[in-house]
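Now, the feature entries from TrEMBL:
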TRANSMEM  12-28  transmembrane segment
TRANSMEM  49-66  transmembrane segment
TRANSMEM  72-105  transmembrane segment
TRANSMEM  126-147  transmembrane segment
TRANSMEM  153-172  transmembrane segment
TRANSMEM  193-214  transmembrane segment
DOMAIN    237-267  domain '4Fe-4S ferredoxin-type'
DOMAIN    339-370  domain '4Fe-4S ferredoxin-type'
DOMAIN    378-411  domain '4Fe-4S ferredoxin-type'
DOMAIN    469-501  domain '4Fe-4S ferredoxin-type'
Amino acid sequence: MFYMKKYSRYLRLISQILFLALFFYIFFNSIIDNSGFSLELKLKSKIEYIFAIDPLVALTTLFSTYKLPAVFILSAVVIMLTVIFGRLFCGWICPFGTIHHFFSFIAHKIRKDKYEKTEYSKYQNLKYYIFAAVLILSIMRINVSGYLDPLSILVKCLAVFFLPVVLIIYNMNILSDSMQDFLFYNVLGRDNIYYEQAPLFGAIFIILLALNFYRNRFWCKYFCPLGGMLGLLSKYSPLKLQHKANCNSCGSCSDKCYADALPFKKNNFKSSECMLLFNCLAACPSDSLYYGLNKKPAEIDLSKRATAKTLGIALSGFFVIKTGTKAVAKSPQLIRPPGSIPENKFLKTCIRCGACMKVCPENFLAPSLFESGIEGLWTPVGNADYGYCVYNCNLCGKMCPTGAIEELSVEEKKKTVIATAFIDENRCLPYAYGVDCIVCEEHCPTSPKAIYFDRVKGKNYKGRSREIKQPKINPEECIGCGICQYKCPVKDKPAIYMTSIKNGG
């Protein structure tokens, strides 16, 4: 029996702060290490360490790919902790949960009248259906965990929305020199961060946090599939919240319960909802609650209605995703990162976490829309309008937690073809106006260069005869890095562009 009334909340708070700080340390240190001199780009840290403790990503990756990267072995520790103690991860470790907890705390302070009474809602079961549907889809070889996994959402929103906002502040140059240096070297890591979908991810992130002003830890209680998974496992925990004989069900504990687990109801306490926040222990006026050995066997809801709902969600997702994927032809803009495994396996393995985008030094990688159909939504694609793939960079493969992007050596990466360049002669300056322009050839990093010149006699836009150097593409040398498109002086619509065709066809 563990009596934790006095110190439980403080221990939990310390744990939340430490794990949140550790998360931010790993996230922001997943940048290029500029210390020392090396021709190979290196990382200070790796975001994959964050996903190492994520059992939902581990399980769905295992089912959808029949493989489990070694890094996910640590997720077994989270499962063991849950089976022994309950939803310890949700209340003490999860960084996304901690952020929601903070906003729920602020909501309590601002709108206290709306939070004096909290009640359990049957809609809290939705997260269990979502978890089961995600699991069933992964068994069908469709991995959708990245859309709903809390760690994936947090990493993606910070990388695609938060960092561009910080860069805007940095570029305003309104901070002290020391603060400017801190932001660049410890937060941003690069000066080119732009994503077309940044407003979308910002809206998603803000809405999820704002929902805490309606119900505390709204995401955790209603939608989180990882919480659903751990909630089911916690039913088997031998340690649970217990009631002493002097408990009079006054409800004081329930008023402070962020999980709406009905701690004051002796016979109807929702143990699978309890996040072990222990606010209830501190709130109990008669010291009637304690955390100790469970005296009742676990009860699992296997009703036909619950099963039907789960199957309905899973099958709906299956048909929507597969129908949408088949309906969309392969886009010429579907340029995957170097080292990406074959497309059908890539979609089963990628968890849409945004880690590769976060570390891309020249902003080449961005979340996709429908270049690969609905199933490929938010997977990484190369976009040379806003950046290019650095010739000696292999960081995306080093960063990928699931192996969707394999780690290549620098020499392997230099030879990896991801796209092919084409020239629009109607827009290319030497072709259209008869003037010299060597920008694309000048920046081409391959040896021998993939861009060469034909010297032809022609007339410029003034009608004067002259020798013109017209650029040509050697498809056998082009690797599709996109630097020619990014550097092209015809900015509105570059005269040279990348397409997913490799080696010219």
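Any Cβ shown, glycine's included, is placed from N, Cα and C.
Stretch with the largest number of CB pairs closer than 8 A to the transmembrane segment (193-214), among 49-66, 72-105, 126-147, 153-172: 153-172.
For the domain '4Fe-4S ferredoxin-type' (469-501), the model gives a mean pLDDT of 94. Here the transmembrane segment (72-105) has Cβ contacts under 8 Å with residues 12, 15-17, 19-20, 23-24, 51-55, 57-58, 61-62, 150-151, 153-154, 208-209, 212-213, 216-220, 224, 226-227, 230-231, 233-234, 236-240, 258, 271-272, 274-277 of the same chain, all six or more residues outside its ends.
As a summary of secondary structure, the domain '4Fe-4S ferredoxin-type' (339-370) carries 12 helix, 4 strand, 16 coil according to DSSP.
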